[in-house]
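Q: What TrEMBL records for this protein is below:
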type	residues	note
COILED	100-141	coiled coil
DOMAIN	621-687	domain 'Mechanosensitive ion channel MscS'
DOMAIN	696-763	domain 'Mechanosensitive ion channel MscS C-terminal'
SIGNAL	1-26	signal peptide
TRANSMEM	257-276	transmembrane segment
TRANSMEM	297-317	transmembrane segment
TRANSMEM	323-341	transmembrane segment
TRANSMEM	353-370	transmembrane segment
TRANSMEM	376-395	transmembrane segment
TRANSMEM	407-427	transmembrane segment
TRANSMEM	439-458	transmembrane segment
TRANSMEM	492-518	transmembrane segment
TRANSMEM	538-559	transmembrane segment
TRANSMEM	580-600	transmembrane segment
TRANSMEM	606-634	transmembrane segment
Amino acid sequence: MKFNGIFIKTAVLLLLNIVSINIAFAQVPTLKSDSGQTLPDTLLFRMQRAQAAITEINAANKDGYNTLTARQTLKDIRQNVQPIKEDLDIKERIIEPKILSNYQLILKTSQENLQDIQDKLSKESNNLQRMSKEIVQLSKDSVLMIKADDTTAKNLYKSQLLDIKLRLQNAGKLTTANLDTTSKLLAEVSATNLELTELQVDISDRMRTSGRSALRKESPYIWSAPVENKGEDLGELLSSSIRGQNKILGYFINSTWDNRILVILFGVAFFLWVFLNYRKANKPDVRESLGALEFKYISAIPVIPALIVMLIITPLFEPDSPSLYIEIISFALLILLTIDFWKKLPAKQLRRWLYIVGLYILVMAVTATVHHAIFVRLLLIAVNIASLYIGYKFYQKLKEINFKKGFIKPVLYVFFYLNIIAIFLNVFGRISLAKIDSVTAIVGLTQVIGLAIFIQILTDALELQIKISSSNGGLFSRLDVAKTRQSFQRMLSVIAVILWLLVFFINLNVAGGVFSFVHQVLVKERVFGTLKFTLGNVLFFVVIIYVSNILQKNIGVLFGEKSIGYANNQVEHKSSKLTLFRLVIVMLGLLLAFTASGIPMDRLTVVLGALSVGIGLGMQNIVNNFVSGVILVFEKPFEIGDFIEIADKKGKIQDIGIRSSKMLTQYGSQVIIPNGDLLSNRLVNWTQGASYVKSEMIFKVNMATDLNALSKILEDLIDQTDHTVKNLPPEILINNITADAVEIKILIWVTSVYIEPAFKSKLLADLLQRFTDAQIKVM
């Protein structure tokens, strides 16, 4: 029994050992299967990721990074800046302020271009660094690596892994090369930008001291001036001056071509406006109503007027233009004006104009060649004296010129002043300032003449439009033509003053300083208590409120609204929706104005909360009228054109405003009634349902009068009279009896309330004649 127990235990242990060995061997294939499945999945994912990254990198490298374009732009900028750098390196040289301003303009534009290049290169550099980092990570990925003694499933992808490795190496080399190129170019751009900044600082310093430098004597007094300038003649001085300005002018023209496109579009639009209006005016039916068109400054094919308008408005689109550009524009304007004047002006006036053109050419030539020698300085003085003489003659003949004297006279005073100052500056050795004043004087004179023609051209074009529009019932047929002309000319006068001042400041080389001062005044933050604001925001606020007010007042013109009157004795109803439009415009204007003012909405809420107290105490009537106006629009107890009666006033409603409404009485007076009174008081609308009205007439006749015969006369006469409602018979009543008379009342329905007074007058006149014939005595 003991042996059997030992045997049984041994057998059980042996059996357990065999089972455990079988389980272990059964698990080995399972582990191999799991590992073999996991490895290909991970490897395929990494391979796909690497191939996608390589494709993206190669595509980016193939497209390039615009380094050639950036390098060429950088080269052009350096070439443009190099003459400026060489000129500024001569510390002892005094450079004219206008040349410094032009240099500043070139550097400003160059820095803007450099900033664009730098932004693009920085973006490309960051992109290249990201791709380079991704290549390094993929190259170090152990899953994508394969060894010679590797026995895993990677051997199945060996050729693909080697291909990926090779492609990664090539992409890495190309990316590194592009990154080096971009980084070097970025460093060059940064260095050039730093150089330009230093040049800007140098120019700013020179501009800051240019006033003192200009006032400093740069040449000997005229009595000590040398006879000649050694080594230079007039031709060399003129050619060197032109060469020096050509670089600035060419750069400006190339960098501001988009502004000239706007000017050209404006000129084309003006040409088409006048040209198409002339075509309409030449149609037989329109020509018969308009008659002959006689305009002095526009024609059926307005090429010259369109070019004049384009040249005049050019400084408005290019306020940063150099003075040489303005001088060329002014000369081109002189040529066009001469062509335009050739057949229009009398011989004497044309000769005076040619004197001014010749003087302009002479001033430009002399100021370009003036140096220290006494001969050319005396020549400049002679030109200034000739300018004073021609200006004086021009002043004497102002009465013969059909221009606004309010424009010409102030400019002539400035012209005289600048020429006199130029003479003194020349005598005491301040040649640069003398040249600037001489050029500014003649350009200012020619510019104001061009602006006067500009106003006349646009005024003629407006007159043509008014004639065409009036003949076909267009927009201008609904406007007050006299008021429109006045407003248009006032607007053109403001534009003309702005243009003249702009050209004046550019020629004096103070435009940049003036613009900077105005900009600083407008954008400087100011504090009022806890409220922060700028004058620019306040200006925007005022302008938006003003424009909103003008628009809401004249919105009716756009909808064909006409004035209400008593001319046709007819009922005229007009929609009161215009009041709603006005309300919307005012509300939008207020919201835009407060938004433009820069006041935070939370502060605005506090301000409105504080104002509400004042509104509740002192502005109750205003708020009441405002709310009443809104209620009148929606409730419509009357409309524009209705004949109403309120208190002791009767008349037609001309307008329903936001705060008050206007009534036109039959006596021609206009009564302004607050909307609150219209809503709260007893109001009679005579024309809302029907316009007819019951008219009452009372008179007395003698006691001996035959009342039946009287009634017959009245009925016949009323039936024969016009403007009575035929289906509503008159009522003839005995109103009262006295000792010697009978009072008769007649109630008659009249077709329109507007003709009641005229109807009564005619009926009474007819009654008087009939009573006389019938020997009826009226008491």
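Yeah, the Cβs are placed from backbone N, Cα and C, and that goes for glycine too.
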Q: Short question: which residues 6 or more past the ends of the transmembrane segment (353-370) have a Cβ under 8 Å from it?
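A: Answer is 234, 237-238, 241-242, 327, 330-331, 334, 337-338, 341, 345, 376-377, 379-380, 383, 386-387, 390, 394, 431, 434-435, 438-439, 442-443, 445-446, 449.
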Q: Between the transmembrane segment (376-395) and the transmembrane segment (407-427), are there at least three Cβ pairs closer than 8 Å, leaving out pairs fewer than 6 positions apart?
A: yes
Q: Across the coiled coil (100-141), what does the mean pLDDT come to, as a whole number?
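A: Across the coiled coil (100-141), the average pLDDT comes out at 74.
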Q: Counting Cβ pairs closer than 8 Å, which of 297-317, 323-341, 407-427 has the most of them with the transmembrane segment (439-458)?
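A: Ranking 297-317, 323-341, 407-427 by Cβ pairs under 8 Å to the transmembrane segment (439-458) puts 407-427 first.
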Q: Looking only at residues six or more beyond either end of the transmembrane segment (323-341), which have a C-beta under 8 A from one in the stretch?
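A: Distant Cβ neighbours of the transmembrane segment (323-341) are 98, 101-102, 245, 248-249, 252-253, 297, 304-305, 307-308, 311-312, 314-315, 349-350, 353-354, 357, 360-361, 364, 439, 443, 446-447, 449-450, 453, 503, 506-507, 509.
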